[in-house]
């Protein structure tokens with residue numbers, strides 16, 4: 001076996017699977033046969049053994065991807081309106097339109113599906129479903145569609161990482177039947193919710209006990225991120241390790257008391273670790289921790305001594321063999337990077353130092369080496385994270401997590417001994433109070449990091465981790481690359497417009513150098529907004545400072561994130577056509593005739609003629625932006641309607657622009673033929689939701705722009721659209737790029753959006 005399990009086999013297997021998110025097509029079913037034959041030949045002939053890893057990976061990927069494709073075909077071949085019988089696979093979370101969770105469909109219109117044809121979908125219901133419930137209902141099926149931006153949550157990629165291929169909504173006017181089988185995990189979860197409902201830190205208790213973060217408030221999650229403690233509330237390697245260590249220690253005490261079986265401590269440790277992972281719903285992070293733990297136990301039991309590099313490769317290969325879709329999750333890369341750092345620290349630790357000093361130094365090195373990947377994920381670093389982690393990682397490891405585990409383990413005996421479990425939960429809640437009190441000040445040490453700076457830090461850390469295995473020449477090359485990355489100018493003398501993908505809404509970032517102006521914020525909802533999830537991360541990743549916010553009008557899809565932005569940027573100037581008086585924020589008027597200069601760009605307001613008490617669509621702030629030097633221009637229109645367009649076309653020379661943001665998302669209530677002709681744009685861009693309920697853009701409006709010679713783009717189909725004005729440095733005019741051209745051609749995005757590939 002050692003002839004096949006070597007560095008090259010493991011590395012080639014892992015590398016090939018890691019490339020699959022970038023494949024534009026999936027291999028057909030029939031390719032699994034030659035892959036299997038090739039794998040058998042590699043086993044048989046010594047001179048072909050170098051191909052074992054590649055052939056095994058190709059076979060696994062072909063089978064896994066085509067199984068998902070087959071499930072997609074099976075699901076959508078039934079149409080978009082049908083009856084399902086499904087089993088609940090996850091806890092249901094409250095959302096704006098009811099509750100949502102993951103279910104596995106077992107029957108479609110009464111027809112039984114075989115095991116490999118059973119698809120997973122997100123199901124939206126008007127009531128809470130519990131784990132293992134069997135639900136029979138009529139649903140409306142929809143493809144999974146997410147916004148696609150340079151930064152921010154990628155719903156399509158996340159769904160594939162969970163093997164979820166569609167979403168469905170229960171039709172409440174049809175009969176719904178639910179059979180409940182009394183899931184033990186659901187019962188424990190419900191009891192824990194009931195016991196902790198009055199505790200200040202209920203969200204943290206539930207997250208640490210069951211891996212369910214839906215009960216954490218946005219403010220709490222932000223504080224945990226900014227303090228560098230967010231990893232403590234996501235059940236992963238640390239928590240599984242604590243459970244294993246706690247059970248191992250207890251069993252070891254029995255061994256010392258006379259029970260001589262050497263297998264008892266690791267067995268007890270593994271049982272409690274698996275139990276904790278079960279409580280967390282065998283989430284991907286817990287699965288990875290269990291696989292690593294199992295590999296280390298097997299190696300130790302068989303007394304196989306190998307390097308930490310090889311153990312790390314075994315872990316990565318084991319994870320990908322178990323779940324090839326793990327590569328679509330950011331947490332996979334965070335996990336394997338963290339383990340690599342831990343192994344590096346262990347392999348370089350000095351045996352001379354005292355244990356307590358080793359622990360402190362190791363924790364400091366771990367935080368420093370993990371900082372680049374944290375910066376990439378969150379667009380920032382906590383300068384105080386070292387202090388927070390040095391103080392609270394031991395606190396969680398030796399006190400908080402064991403308390404919560406003990407409280408959960410006692411829940412089955414709640415009816416007989418109700419005070420024990422409740423007392424432990426209460427003690428755990430009190431133990432979390434100093435943590436959250438300290439986290440309240442975390443924003444003071446939060447440092448925003450641009451994407452370029454984060455990549456520089458990551459390359460530097462990778463060089464530190466690999467320097468012992470590289471030749472001196474390669475180290476020199478690595479240092480030269482770092483210098484080149486640092487020397488690349490972050491900002492050019494061009495101005496750029498980014499129309500962010502915010503579904504049915506609008507958010508446009510105009511930037512030059514390190515400064516930016518935002519036109520509209522996108523929609524907002526009860527617990528968040530596109531401003532928080534897309535706009536702010538984009539500004540931070542680009543290292544941009546926001547100077548002004550222009551609000552076209554105050555409908556939710558255009559100004560839904562204004563309040564959160566003003567709280568984050570209290571010194572920004574607000575420009576609007578609505579009377580906006582607030583003692584904390586400065587605002588100015590958006591009325592026709594107003595002109596201002598910013599970063600050598602002229603901003604001219606064309607509409608409305610006067611301020612209003614409440615700005616609706618007809619009062620949208622229409623602004624034309626033009627370059628002082630090149631004359632290149634942009635027209636921002638909000639949701640202005642035809643009545644205003646009739647007035648604006650009387651002065652066609654003021655409307656002519658290279659790029660236009662199509663009024664009202666391409667609705668037929670705007671974009672009159674005379675208006676389109678007067679604007680005479682090279683590029684027309686509409687901000688829309690793909691397959692949205694308003695069915696925008698209107699086909700006639702789109703055709704009108706195209707017939708006039710404009711290139712048509714909409715964010716629903718193209719994702720984030722970036723326009724670079726090159727007039728200052730080039731004769732090529734403008735350059736337009738879209739996110740779906742850059743990374744939207746991946747096989748899974750095509751499959752999810754088109755239902756079948």
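Note that Cβ sites are derived from N, Cα and C of the backbone, with glycine treated the same way.
Annotations in TrEMBL come from automatic prediction, not curation.
Residues 49-50, 52-54, 56-58, 60-61, 65, 157, 309-310, 313-314, 316-317, 320-321, 324, 327-328, 746-748 of the same chain sit 6 or more residues outside the transmembrane segment (7-23) yet have a Cβ under 8 Å from a Cβ within it. Marked as transmembrane segment by TrEMBL: 7-23 (among others).
Look at TrEMBL and you will find 232-251 (among others) tagged as transmembrane segment.
Annotated transmembrane segment per TrEMBL: 263-282 (among others), in sequence order.
The transmembrane segment annotation in TrEMBL covers 289-310 (among others).
Sequence-distant neighbours of the transmembrane segment (330-352) (same chain, 6+ residues past either end, Cβ-Cβ under 8 Å): 161, 234, 236-237, 284-285, 288, 292, 307-309, 311-312, 315-316, 319, 358, 361-362, 365-366, 369-370, 373, 377, 465. Taken from TrEMBL, the feature transmembrane segment covers 330-352 (among others).
The list of residues near the transmembrane segment (364-386) in space but at least 6 beyond its ends in sequence, with Cβ under 8 angstroms from a Cβ of it, reads 151, 225-229, 330, 333-334, 337-338, 341-342, 344-345, 442, 444-451, 453-455, 457-458, 460-461, 464-465, 537, 540-541. Annotated transmembrane segment per TrEMBL: 364-386 (among others), in sequence order.
What TrEMBL records for 392-414 (among others) is transmembrane segment.
Residues or ranges marked as transmembrane segment in TrEMBL: 444-467 (among others).
Each residue in the domain 'Metallo-beta-lactamase' (504-690) has a pLDDT score, and their mean in this model is 93. TrEMBL lists 504-690 with the feature domain 'Metallo-beta-lactamase'.
Here the transmembrane segment (289-310) does not lie next to the transmembrane segment (444-467) in space: the count of CB pairs under 8 Å, restricted to residues six or more apart, is fewer than 3. Residues 151, 226-227, 340-341, 344, 369, 371-373, 375-376, 379-385, 475, 478-479, 481-482, 485-486, 488, 490, 540-543 of the same chain lie 6+ residues outside the transmembrane segment (444-467) yet bring a C-beta within less than 8 angstroms of a C-beta in it.
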